[in-house]
Amino acid sequence: MKKRILYTVLFFCCTVVVTFAQKTIEVCASCETTTLTKAVETAQPFDTIKVKKGTYAEYNIGITKPLTIIGEGNPVIDGQNKGEIITIESDNVTVKGFTVVNVGTSYTTDFAAIRVVNSKNFVIENNTLKRLFFGIYLQKSNHGKVLNNTIQGDAVNEYNSGNGIQLWYCNHVEVAGNTVKNVRDGIYLEFSDQIEIHNNKSTDNLRYGLHFMFSNHDTYTNNLFENNGAGVAVMFSKFIKMYNNVFRKNWGTASFGLLLKEINDSEIEGNLFEENTVGINIEGSNRIEYKHNDFKSNGWAIKVRGACYANTFTKNNFLYNSFDVSYNSKINDNLFDKNYWSNYTGYDLDKNGIGDVPYRPVKLFSYIVNRTPETIILLRSLFIDIIDFSEKVSPVFTPDNLMDNHPLLKPTDHDRNR
Amino acid sequence: MLKILKYSFFDLMRSRWSYVYFLFYLLLGIVLLFLNNDLSKAVITLMNVIIILVPLIGTIFGVMYYYNSKEFTELLLAQPVKRSSIFLGQYLGVALSLSMSLIIGLGLPFVFYGIFNSGAIWDFSLLLVTGAFLTLIFTALAFVIALANENKIKGFGYAILLWLFMAVIYDGIFLMSLVYFEEYPLDTFSLVATMLNPVDLSRVLILLKLDISALLGYTGAVFQKFFGTNFGFILSSLLLVIWVAVPTFFIQHMAKRKDF
């Protein structure tokens, strides 16, 4: 017992000593240290640097020791378009509460507002980034957090703009509560596994709201993707979980809500796809479960491009889409079951809530359009309605086993608080 | 000619059919706005109605009016009036009263709904203008058919066939040729084929103005580029005018030669 008390006291003392050993350096126009660069140079590991309100014209700030850097009253760091602004190359660094502006644009180097290199346990929180090239660039860094940042770009062309938050060879990073606007890709993941992305807003981006490349075992939930070139693109990845996201108004001649290319073994559940030209565009993707999603007022709810096997679509609501499902082949290995289709015209004599006549989601016209894209110009012509009707009565061209055998008569009520 | 136009116009205005036609559009407009509460969606639904119904009613009404007023026409022919002015007057009387029913019938509910304060005003006016053009075109074609056929049944048959061809069969042939020649570049072909049929032309003109045009993808972009320019706009208006002018010329021509 005595020993335990001794240990406790000893531990407490140590903590106190360590705490007291940590210094706090203040930076302001009238302080002893007037620049952040200077403060970082003089600081000892585990010190805290507090930067007061003001504008600091600095760039290439290299942080090579564990530090906590806090901006008080939203100080502005102006990079004057000269290059990278903050580079973190040490574990346990926290950067909080800054406004970082004017990152240099380059065609050879990816300058970032805040870059993290080969580090662990970093926290980047409550920063605002404006007029940037790349926003937050994480490379080969693990176990960190990127929380509640606001990134406001002014990207015009894809070739000379960067991404909002980029992860390259990173694992176990949490990206949450960020708002990314008007950059090339809102959030971009390459070779990054076990990433948690939640409660972000990614809007008005040139290319994708969220972009996965060769990244596995990632989860994204409760995000909003609005008005991007394409909401989310998931390419060459496996085991991605996509829950409760909203994909809206990704509307344009080449826009998608969700673009899937070479994705396997993933789950897409509880998402809302509203007013996208194409809700989900699927190419070469296998064993994906689509459950409890809402597809509302899209041009195409689901466009299947080919080489997609063993996918299941259950308990989704397809509401008022111009085309529910489009297929470009006669072979079907995907299962549609117990979905609600607003275009369903069958009946339910035994009153069990399931339509007695199977529903065929692929219209002949969407099949023809897939074959000869120019025919789309006949959209909403009376002739098209007539051939769609006759195909519905006796299918000739569309895959005849592609049907929902148990179409629901009422929309599924998804419990979003599951 | 004006006198005959006036007479035909007021004769039709007094007739039950104009009222039915007018009330139909009024009701359609009100119901659409009531159920939809969304102006641009209502415009899409209206487009479907307009490109199918307006030509149909224009043709049937035109043929019907010609055959019904034949005795009166013969009476007029005995008077010292120019032949062309009799028929043109009648044609314009029918076409204008139909267009008026359409424009007022659809316009009223939308005006009360507040179309003037909405961004959809241009889409809507385009809709009414193309509707009026379609009425003019198909009534003129109906008169040509009626003038060419003494036999009522034959006349009606041809008129219905004409509508069927323009609204349905033409698109079928168009689709078949697109699919058949899918390996060739088809942009110019589809552009020309669309412009040659007034029903298709009106449909595409309206579609391109709506949000739904994003569905048209690459082909839509080609069309947008063409119709977005002044040249495309003038050309498409010109084509609609030609579609009115050519049958009108035929009415005049045939009226001069016909034996009664």
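Note: Cβ is positioned from N, Cα and C throughout, glycine not excepted.
Because TrEMBL annotations are produced automatically, they should be read as predictions rather than curated entries.
Remote same-chain residues near the transmembrane segment (B:20-36) are listed as 42, 45-46, 49, 57, 61, 98, 101-102, 104-110, 113 (criterion: CB distance under 8 Å, separation of at least six residues from the stretch ends). If you look up TrEMBL, you'll see B:20-36 (among others) marked as transmembrane segment.
The transmembrane segment annotation in TrEMBL covers B:42-67 (among others).
TrEMBL lists B:88-112 (among others) with the feature transmembrane segment.
Here TrEMBL flags B:124-148 (among others) as transmembrane segment.
According to TrEMBL, the transmembrane segment annotation covers B:160-181 (among others).
When Cβ-Cβ distances below 8 Å are used as the criterion, the transmembrane segment (B:201-219) is approached by residues 40, 43-44, 47, 50-51, 122-123, 126-127, 130-131, 133-134, 187, 190, 194-195, 227, 236, 239-240 of the same chain, each at least six residues removed from its ends. If you look up TrEMBL, you'll see B:201-219 (among others) marked as transmembrane segment.
Taken from TrEMBL, the feature transmembrane segment applies to B:231-251 (among others). Sequence-distant contacts of the transmembrane segment (B:231-251) (same chain, at least 6 residues past either end, Cβ-Cβ under 8 Å): 84, 87-88, 91, 130, 133, 136-137, 140-141, 143-144, 147, 195-196, 198, 201-202, 205.
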Of B:88-112, B:124-148, B:160-181, whichever stretch has the most CB pairs under 8 A to the transmembrane segment (B:42-67): B:124-148
Residues of the parent chain within Cβ reach of the transmembrane segment (B:124-148), under 8 Å, 6 or more residues beyond its termini: 39, 43, 46-47, 50-51, 54-63, 66-67, 87, 90-91, 94-95, 98-99, 102-103, 106-107, 110, 115, 155, 158-159, 162-163, 166, 198-199, 202, 205-206, 209, 240, 243-244, 247-248, 250-251, 254-255, 258
